[in-house]
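Here's what Swiss-Prot has on this protein:
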type    : residues                                                     : note
BINDING : 9, 41, 73, 87                                                : substrate binding site
BINDING : 9, 10, 17, 88, 89, 90, 98, 123, 124, 125, 126, 127, 128, 129 : ATP binding site
SITE    : 17                                                           : site 'Transition state stabilizer'
């Protein structure tokens, strides 16, 4: 079975992420959407909320599961017996950053490949940071994120 991992903080998940998951799901037998727990960052949404929002947003992707991890992605990939890591690229800057990580991952886990998928041009400017910034000013982000996320952002910034 070909299993791939799509990892990130997903704080929050965006339509760009969903597009990546759908495309990865078409390429692999199974995809694991793995939420990275980074104790150095303070997320807007707690882990349980990010898991819920992801679950509601990817219900239509039948070969996707959601999990979380801390530590090195290559260690997690070995544990899950994944054959690939899938990363989305929005720009040349993303490529330079991701290429270095992929090279180190290959050094640590030679059996693990990294697959880069170019972001759909409709989402090339979308990031979780931009979404949070725009939502914090009570602006509509419903074209940038799944409906459950748009609702959750309204609730957070209503306070």
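Here the Cβ of each residue, glycine as well, is placed from N, Cα and C on the backbone.
The structure, with features from Swiss-Prot marked on it.
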{"residue": "9", "record": "substrate binding site", "Cβ contacts under 8 Å, 6 or more apart": "35, 36, 38, 41, 43, 50, 128"}
{"residue": "17", "record": "ATP binding site", "Cβ contacts under 8 Å, 6 or more apart": "6, 8, 10, 88"}
{"residue": "73", "record": "substrate binding site", "Cβ contacts under 8 Å, 6 or more apart": "5, 7, 34, 36, 85, 105"}
{"residue": "87", "record": "substrate binding site", "Cβ contacts under 8 Å, 6 or more apart": "6, 98, 102, 114, 115, 116, 117"}
{"residue": "89", "record": "ATP binding site", "Cβ contacts under 8 Å, 6 or more apart": "95, 98, 116, 117, 118, 119"}
{"residue": "124", "record": "ATP binding site", "Cβ contacts under 8 Å, 6 or more apart": "16, 90, 91"}
{"residue": "126", "record": "ATP binding site", "Cβ contacts under 8 Å, 6 or more apart": "14, 15, 16, 144"}
Please give the substrate site's span as the largest CA-CA distance among 9, 41, 73, 87, to the nearest whole angstrom.
21
Minimum Cβ neighbour count within 10 Å among the binding-site residues 41, 98: which residue?
41
